[in-house]
Structures are given as C-alpha cells and as structure tokens.
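Taking it in order: structure first as structure tokens, then the write-up.
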C-alpha cells in the first residue's frame, strides 16, 4: 500500500514505536523524542518530503502526554527533472512524538529543516512546549502584552470566552527585530499600518543606502483564536462557516479543507456532482484571487490603467460566483456530506458565457501589459526566491512554482474530481516577481479550462449524501486543498459529542512568510511593497499602532483602546509624551 | 501603454450609477433576510440554526413577551434561517445594502410575540402562536375529538411540568402515558 515504502525506509534509520493508518494515503509513525529531528530530516531531504503542517496537541486526557505531529507531503525533492517520485506513491507521512508534561522540552527540528521554524515558535506560544536548539525563540502569534504563563490552547488553560488582563504598557517587552551586524545600516519600518500594504504587518527593513541588506517582520497583529473557538463550541455544521472566515480570498478552499478533514476521518465519500461543484467554486475563487493579485502588482508599480482593467474583468468572476452559490463570494455552500445548492441548466449556460468573456478579455489586457517594457522592467529580477530557499522552507503556491518547482496539490495529491480532469501545472523558472505573475496568468487560463471540463463531466447525481455518520473520538485526518495562494492543510482530531478535539488550520501564506526575508535581500526600498504584494500575503487585522516622532526619534505603542479614546475625544494627544 | 487605452475605448463605460440605479442580482441571490412578523410563530428554529448568532429569541425582562431579534450587522447571509423556518416567516431577499443610515439600530429588526403561560406552574415557556400552530397541526391529523382535546391541554403545559408529572406517575406506580 501507499506510504509503506517510506515507513520501511524510516525504520532502517530509527526505531519506530507504532504505525497507524488514517486513510489510504495518510500514515502516522510514532518515534522516540530524541529521534525526532533525524526522522523529519530523513523524510524531508533524503526521501523528498515537504513540510505540510505541524500540529501540537494537548493529549493529556487521552494518553497523559502532549503530542507533536510533523506532517510531510512525500512528492520527491523536484530540484531537477527526474527528482520526483511516482504519482501512485505520493502520500502524507506524519511523524509523531509524545512529550511528558513533567518536562516540556523536545529537540528542535529547525536546525535541520528550516521550514519548521514558525511551527515550533507557535507550539511554544500555544502550549508552552520548548524546542531545544531553536535558533529563534521569540513569540510568534500572541501579542507582546499577553501574560507569560498562559498558554491558550492547553485544555485546562482557559475558556474561549475568557479575556486575560494584559500586561501594563511599561511592563510590555520590546519586540526584538533580528538586526544584521555592520555599520551604516539604518532601520526603515514599514507598517504596522502603511499605505502600500493592504493589511497590517510590521516589516523592518535594514538598509544600506537604498538597498535592503536584510529584513525582519512581525505579523499576527490580531490573532483571532479560531482554533480555540472551534474546539469549545462548534459542531461540524458550524465549522464550515467558521473556516470560511479564515481568509477573505481563499475562504472556500478553507471550508472544503476543513469539512473534508472530518469526512476523511470517517471515510465518507461525497457524490461526484458535489465534488465537481466544489471544484468549480474553488476555481472561481482562484480566478478572482489571481486577477486581484495581478491587478495589485500593476497598481503598486503605478500602472493604474492596467489595474482598473483587470478589476473590471474581476467583476465577471464575482458574477460567476453569484450564479453558482448565490453570493458574490463563494461562501455558505459547503456542509458535511456534500453541498447545499445545486446548479440548473440555465445557470450553467450563463456561466459558460461569462467564462468566455473572462478568457478573451484577460488575454487582451495581459498582452497589453506584456508589451509595456516599463512594467516588465519593474517586475523582472525583483524579489528573487532562490530554488533552494524555496525547497528549504516548503513554500507553496505560485511562490514555489515561480521558482521552477512543480508543486501543486491538485497534481500531486488529486482530491475530489481532479482525478478526471486534465490540466498543466504552471511552472516558470526565475523566481522573481515576473515569474510569479506569469504563473498566475497561466493558472487563470487553466482555471477557465478546469471549470469548463467540470461542467462537461459532472454527472446528474445527488449533491449530498444522507449524513448518517458518527465521528469516532480520537480519530484524526489531514485534508489538503490547493487554494489560490497555495496548499491549505487542515488537521482535525475528533472529539466526543460530534465536536472537534483539535482543529489545526494552516493557511497557504503561513508557509510562504518565513522565506520572504530572503526575497527582500539586495532589492531597493521602492520594491519592498511590490515584493510583499507578489507573495500575495494573507494578513489578519491589527490592534495597535506605533507612533514615531521623527524629530525626537522617540516611539510609542498605542493600543486599540488608546487609539479609539484619542480618536473619539481628541484630548490627551499621544504625541505629547514623545516631545 | 497605448494598447491599454485602446481597450478602454473598446469597452467604454462599465460602471453602474449605483445607488441611483438599482443593481441587478442573479436569481437565487442570497441577500438580506426579510422577516414577516405575521407568519412568525416564535419556534426559535432560526435562532438555533444561525451560525453567527445574528438571530436571538428570548423572553423580555418581565417575561410578558417572547422577543425575536435579528441583527443584520452580524448576519453572514448563509440562508440557514430560510431553510429551517417552518412557516416561511423569514426568507432571503434580493436586497444587500447595509450602509443606509448612521444609526446602528437601523440594522436590528425585532418582533414581540405574546407569551404562553404553563397551566400547571403558571410560568412562561413559549409563544402563544407556537402552541396554536401545534394545535392546528394536530387537528389536521384526524385524532378524534376526545384525544384532540386532551392534546390541547397537554400542549399548554411546560416541559418541566411534563417531566415532573411523568416522574410522579412513575413513582406512584401509575402506568406511564406518553402522548
């Protein structure tokens, strides 16, 4: 069976304590704590794995331990032609370790596999599990004023309604940015709120003259605690709606990933028509996400005419979503066991007409943009993501495909209806902004073709199966969907009373952020916004701002409360303290 | 660059004069839920189905009215309320505009229904209309006049009193009757 080859190879290197199989292409191997770095490194580099997600879990009520799951997608290294494993051998192998509550430390994998860095930082924030040897031990997801000894995802830590008292301003630690050594280097802060960024994120650019030497960033300005919320009060019907709200663009992909994780764990197969409509919706989502990003890449470089044209075409993708799901965004359609809404013949006919419009008009605008040499010059050679860096950090989506690595979940692990659909994976060499936008253009074309094929091939079956299912507590499974920004991976461990025990939702951009600093290096400040834009990042929202007085060079952090207070009353200006 | 201007020429004006001109939406568009008070029986099915807690159904302070409240600001337009409503009192409309007034309360709709008091303990437990609706459903079921009258009395007892009655019947050795 699938995965056996990898487990056998792993067994020759280290001792495997237990092997469990979740479904046909997912297997979990329990290893000893000290063998963890070697097990992950071996599967990652020697066997051709990519880190899909890492899940920390509080399993004290099950086996009196905390657990870590490193889920690797086995695809082959793909660094050169032929370095890819056979299609029927691709699968997910998860390395699991148990950590005793008496000693909350484990050996860090990051020195061997750099892709683990954010996951291990998050494991500390949420569970207090300390990675020994982790080069970067700063906080990641929780804000700086969060109490030190409160780890929110521990089962006994807090209720989801509890709001802890935040640290006082003066006790709040200063966030340390990783500053490169050298003379003549100055810090240029970009954010947390900045006109060129769509959403908040604090980028600290270290510049020598106009050139960026290095960069560091602080994100998660408003961590919404969705995983905690889902664990406490959501049933599976509501989970779909919550997962949609993870992201404004890839919402549908999150919803199907979340619901499919639950479906996979109980081996529930949904009807073929529902599978096809799920794919149609996720491809519509790709159409409007890619049109958004190509438009913004033009806008950031000052090409407003192209931006307006692309947004005019994007309107058609929203019309399409309206026809298929009833809303201008493909929301509220997925439920466990299938879908809520079918398509009629008239809707299909109208959709095909709109698809034709998108197909021809995208070409018109793209040809015009490609003829504009000034536009191309702004994109070429900017923000290069090296192939090896992309491999080391397990980047996903157009980010990695623009660096010449053929990595697409629809192709590597065909889910739902994708087994019956023909499409080419868009891969472009170069790794710069131009390559990434080129990948997006090629995917626009392939998305149109995929939607057409779905309409042609979808059978006249029901759209939902009778939901007579019972989830089994402690069963878990992964689900993966190729969202516009890359692979979204959801992991669900079932709890009792038809609820989740642990939901781990890993959005595409989470895997892309850590390699961003390598893309900044060597570029000018003017290109910083463009590089961030070409990553197509997914931020969340902010809760604080930093006010800097350029004369006195003092800065002050204002919380949400301070800012609102000042905006409402216009009294006690925060600038007073700075002068 | 000039080619882009040619495209502009080709497609001309593409914007709508919204809000002066109505925006046409597709059939089956999921817009703002519209509430018809006269059809509502206060069964709270919509409140239970609503994933974002936009609909709440609870008694007012002095428990004389069952208050149905819908906050459009919280609504995610999923249409679950439409699906579960047994009387069609709430249906999705084609309207989508939320930014109409500066007043936040314009987003809230309320409906107040008369309360049914329990004939045993005299505490409020449901809306009068719900009990009436239940009786109408039973009267269509050809139960016979005697059983229908019994059911009518039974309907106006609150769940707690029903439970207590069953328990006391059981402990006193009487036969348990489940209607």
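Glycine too: its Cβ is placed from the backbone N, Cα and C atoms.
Unlike curated records, TrEMBL annotations are generated automatically.
Residues or ranges marked as Mg(2+) binding site by TrEMBL: A:227. As annotated by TrEMBL, Ni(2+) binding site applies to A:247, A:250, A:538. Among the features that TrEMBL reports, Fe cation binding site is placed at A:250, A:541. TrEMBL lists A:31-157 with the feature domain 'NADH:ubiquinone oxidoreductase 30kDa subunit'. The domain 'NADH-quinone oxidoreductase subunit D' annotation in TrEMBL covers A:302-471, A:472-544.
If you take every residue in the domain 'NADH-quinone oxidoreductase subunit D' (A:472-544) and average the pLDDT, you get 86. A helical conformation is recorded for the residue listed as 'Mg(2+) binding site' in the three-state DSSP classification. When Cβ neighbours within 10 Å are tallied across all protein chains shown, the highest count among the binding-site residues A:247, A:250 belongs to A:250. Here the C-alpha separation of residue A:247 (Ni(2+) binding site) and the residue listed as 'Mg(2+) binding site' works out to 14 Å. Counting residues of the domain 'NADH-quinone oxidoreductase subunit D' (A:472-544) by DSSP class, helix then strand then coil, yields 23 helix, 27 strand, 23 coil. Residue A:250 (Ni(2+) binding site) falls within neither a helix nor a strand when secondary structure is assigned with DSSP, and so counts as coil. Sequence-distant neighbours of residue A:227 (Mg(2+) binding site) (same chain, six or more apart, CB under 8 Å from its CB) are A:153, A:502, A:503, A:504, A:505, listed in sequence order.
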